[in-house]
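Following: one structure in structure tokens, then a few remarks.
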């Protein structure tokens with residue numbers, strides 16, 4: 001099959017991570033994956049949720065939103081609806097889980113790190129881009145806190161990144177754009193650590209089924225892409 005921009009089946013879109021994109025957050029980036037653009041920021045709050053009070057542990061949580069003009073037809077702000085959608089809630093939880101898996105939260109002290117992900121332009125893979133970019137914003141924030149003497153060490157146990165994979169017309173492909181995602185027989189989001197361990201696998205078939213062999217192919221593709229993303233994260237962070 002021929003892909004947009006004549007990408008190979010195992011080739012990601014061009015990814016850029018621009019650190020320090022905002023003035024006020026403790027850490028921020030703009031991540032671009034092809035035409036998808038997500039602004040990720042990290043800000044510290046000197047308290048934790050009630051269930052963690054007095055336990056000497058920190059917390060990492062995330063919020064996610066689509067700007068109205070990020071999509072081809074205007075997306076209504078969820079604030080004007082009075083509640084967030086199930087999709088938004090799912091993505092927020094996914095981002096938070098992915099980051100907490102690699103953070104030593106007792107080393108944070110009783111503080112909450114808020115991650116905000118705002119999609120400026122959506123062309124597929126916004127949740128995976130949000131995870132990949134948010135990790136860099138989180139690391140930058142922790143680095144700042146260590147330099148300021150707020151924490152003793154950078155409480156990060158491993159790197160984390162995410163990518164989409166799918167099957168179209170029987171062909172496994174890496175990093176789906178929206179036009180590909182909308183016609184995929186199988187669509188999957190994969191979150192992995194730098195050590196190659198899995199944090200989350202979200203995969204579904206539409207109107208068909210997929211085999212164990214195809215699942216293994218997809219996970220192999222995802223692992224390749226995620227290692228490339230983590231190499232980029234390390235370059236940006238200078239580690």
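Each Cβ is built from the backbone N, Cα and C atoms, and glycine gets one as well.
Listed in sequence order, the residues of the same chain lying 6 or more apart from residue 127 (phosphate binding site) and placing their CB within less than 8 Å of its CB are 64, 91, 94, 95, 162, 189. Under the heading phosphate binding site, Swiss-Prot lists 87, 125, 126, 127.
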Pairwise C-alpha maximum, in angstrom, for the residues (87, 125, 126, 127) that bind phosphate according to the record: 14
Neighbours of 87, 125, 126, 127 excl. site residues, C-beta within 8 Å of centre, phosphate: 64, 91, 119, 122, 124, 128, 129, 130, 189
Residue with minimal Cβ packing [other Cβ atoms within 10 Å] among the binding-site residues 87, 125, 126: 87
